[in-house]
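Undergrad: Take this structure, written in structure tokens, and hold onto it; I'll ask about it next.
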């Protein structure tokens, strides 16, 4: 194929892919893709769903401060009214225990007597109810809008909704002042905002955050008043912004670094532009491939993947450094192609091992890296030689030459090898099991969220009870049984709150029981007349209520489909959903007084213990399983690469000297986090795959040079530039505020640098004086 035609095909293809990405690329930033998928166990799937989008996942916590309590209370009430009006964004806005918007759930109002129990229908019970309503009206602080007084005087519907949204404990929640929530010191007003959708819909969370700030800025009168927002969705939004900042800063840093390096090493900025060709091609192809396969690209994958594909610069660097004035460019590339191909193939193979790891995010990264590296390798092979004129490139070579005997090299190898091993052996904790360590959420954001959660007394859900089955009615009845048992535990004070999907949608059996418990028309009418005797209420004003109770006796029971078409759909789906034809329900408890007390109770109730899952312990077990699986995959890749290199070199001794620097680099990368007091998690192991690829690249080229002085100069030139730029980039990543990126940055920066040092000092290409 003619060179011009090859270039045109590349340009057209690249342009088409860029256009396709413009219309189809979808970047997400939630934690779910970097949590274990747990596909083998439906209960664990339900557990992961709880962690990613439980009932409190779409709840935002607001703090208003910087003014006196009267001003803060005014602002809290006005902000609530402004947000409630935005019904397409906010499902509920609360600044006290009773602030639930009844209008948003009007379609369920007629079913209130099927959805909730009542305290009774006797004359005495009704009289007490109307006395309370009269007191509410006289005080001006009635919990029920006046239009609902004559249709639901018992507050059945409001109590039902408050039970669903009651993430704040009544007994130990925030203090009430001027009718709104305040913190314990009465210095800040507190609010809860329920956003429509779930916390994984970051666009909706961003919109909600913007709306809150916009309404706040319109209402605030003094500049000293401050608004603080937190919650799972906000933390994810902030993570997305930080990831974007990291990518932008890293891109600017790499551009400046490469301009300096190419100006000094190659004396040509034109080569820098040419070096970007394989890199851009790699990024474009990686994005397209990942989007096509997964229908999305995670922000962590994008940030780390682009940094990872920075290694693609190694390919043009090797090419540029091996150019000779008396040799055509394609012949120079042909000379190093077998080694370059083996290096690239090894890296691709290493990342493909991540497929099926159990983390969707890691599988994305595997596809992103493998497709990108392949595209960069092929672009370097077939496009770059067409863009370089023979004899135009004159690199400024440098050689840091040392002269080591075999004994000296052996001693140096023992030192390089034993130092990281000693560090690993000294570490008190080697493996990480905490979910926080693999979270893309910055530590500062989690701390702020924890502080607001404590002040509002919004409980962290750590225990769930799971029921599953193919028959929805049976699952709901089993869930109601669990709820009943837990009420006993709550009465003992062991737990403070229970959230059950059967409270959103009762079983058909329970709904019919409630219908049968409703009083006959004449009985209720007589009791109402007696209860109102001596009160200022008109008896006829409550005719709508009598009609509603009569209608409830013959209403068709609610089913899942009906509730799913109401505003409670998202609430219901967070605790009751269907997967693979099986219905799964999750009942959550919080405010546990003592884990030991709970465990004793579970031992006494084996039927409850069977459905119980402790989230932290189950998650830790999952992480351990996936870490072991990832580590085993890593070892398998190492063994396979050793075999491939042995078949390539056909020499056991040469294979040993090629693998030795790689082993030192990998051990150094493994020990770096431990040296700083950080335990090893899955993402450190992932970063070691990159170290493995870098080490092989450096070692293969150093050993390929042999005793040829020019070849050695070219190898040192290319590899030193590659090691400098890669280690510098990942060192910058190590100072990120995102734990995942810190893990990768520490490992690759330290491991990559040691790969270069050991490969340079120990390779066969280093002149050796055979002194024993």
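Heads up, the Cβ atoms here are built off N, Cα and C, so glycines get one too.
Remember, TrEMBL labels are computer predictions, not curated facts.
TrEMBL feature annotations, pasted as is:
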type: TRANSMEM; residues: 7-25; note: transmembrane segment
type: DOMAIN; residues: 189-389; note: domain 'Membrane transport protein MMPL'
type: TRANSMEM; residues: 246-264; note: transmembrane segment
type: TRANSMEM; residues: 271-294; note: transmembrane segment
type: TRANSMEM; residues: 300-320; note: transmembrane segment
type: TRANSMEM; residues: 340-359; note: transmembrane segment
type: TRANSMEM; residues: 365-389; note: transmembrane segment
type: TRANSMEM; residues: 410-431; note: transmembrane segment
type: TRANSMEM; residues: 631-649; note: transmembrane segment
type: TRANSMEM; residues: 656-676; note: transmembrane segment
type: TRANSMEM; residues: 682-703; note: transmembrane segment
type: TRANSMEM; residues: 715-735; note: transmembrane segment
type: TRANSMEM; residues: 741-762; note: transmembrane segment
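Situate these features within the shown structure.
TA: Away from its own ends, the transmembrane segment (7-25) comes close to residues 280-281, 284-285, 287-288, 291, 297, 379, 383, 386-387 of its chain (Cβ-Cβ under 8 Å, at least six residues beyond either end).
Beyond the transmembrane segment (246-264), the same-chain residues lying 6 or more positions past its ends with a Cβ under 8 Å from any Cβ of the stretch are 271-272, 275, 302-303, 306-307, 310, 313, 396, 721, 724-725, 728-729, 732-733, 736, 738, 741.
Through the fold, the transmembrane segment (271-294) approaches residues 10, 14, 17-18, 20-21, 24-26, 258-259, 262, 301-302, 305-306, 309-310, 312-313, 315-317, 320, 360, 363-364, 367-369, 371-377, 379-380, 383-384, 387-388, 393 of its own chain, all at least 6 residues removed from its boundaries and within a Cβ separation under 8 Å.
Residues 3, 6-7, 10, 274, 277-279, 281-287, 289-290, 293-294, 297, 301, 304-305, 308-309, 311-312, 315-316, 319, 323, 329-330, 333, 337, 340-341, 344, 347-348, 351-355, 357, 686 of the same chain, all 6+ positions outside the transmembrane segment (365-389), place their C-beta atoms under 8 angstroms from a C-beta of that stretch.
Only residues 6 or more beyond the boundaries of the transmembrane segment (656-676), in the same chain, are considered here, and those with a CB under 8 A from a CB of the stretch are 413, 416-417, 419-421, 423-424, 427, 430, 638, 642, 645, 649, 684, 687-688, 691-692, 694-696, 698-700, 702-703, 743, 746-755, 758-759, 762-764.
Same-chain neighbours of the transmembrane segment (682-703): 308, 311, 314, 318, 336, 339, 342-343, 346-347, 350-351, 353-354, 359, 362, 365, 438, 623, 626-627, 630-631, 634, 637-638, 641, 645, 654, 657-662, 665-666, 669-670, 673, 715-716, 718-719, 722-723, 726, 740, 743-744, 746-748, 751-752, 755-756, 759-760, 763-766, counting only residues six or more beyond its ends whose CB sits under 8 Å from a CB of the stretch.
Long-range neighbours of the transmembrane segment (741-762) within the same chain, counting only residues 6 or more positions beyond its ends whose Cβ lies under 8 Å from a Cβ of the stretch, are 246, 300, 303-304, 307, 400, 402, 404, 409, 412-413, 416, 420, 437, 657, 660-662, 664-666, 668-673, 676, 678, 681, 683-684, 686-688, 690-691, 694-695, 698-699, 702, 716, 719-720, 723, 726-727, 730-735.
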Undergrad: Out of 410-431, 631-649, 715-735, which stretch has the largest tally of CB pairs under 8 angstroms to the transmembrane segment (340-359)?
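TA: Of the candidates 410-431, 631-649, 715-735, 631-649 scores highest.
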Undergrad: Taking only the residues in the domain 'Membrane transport protein MMPL' (189-389), give me the average pLDDT of this model.
TA: 85
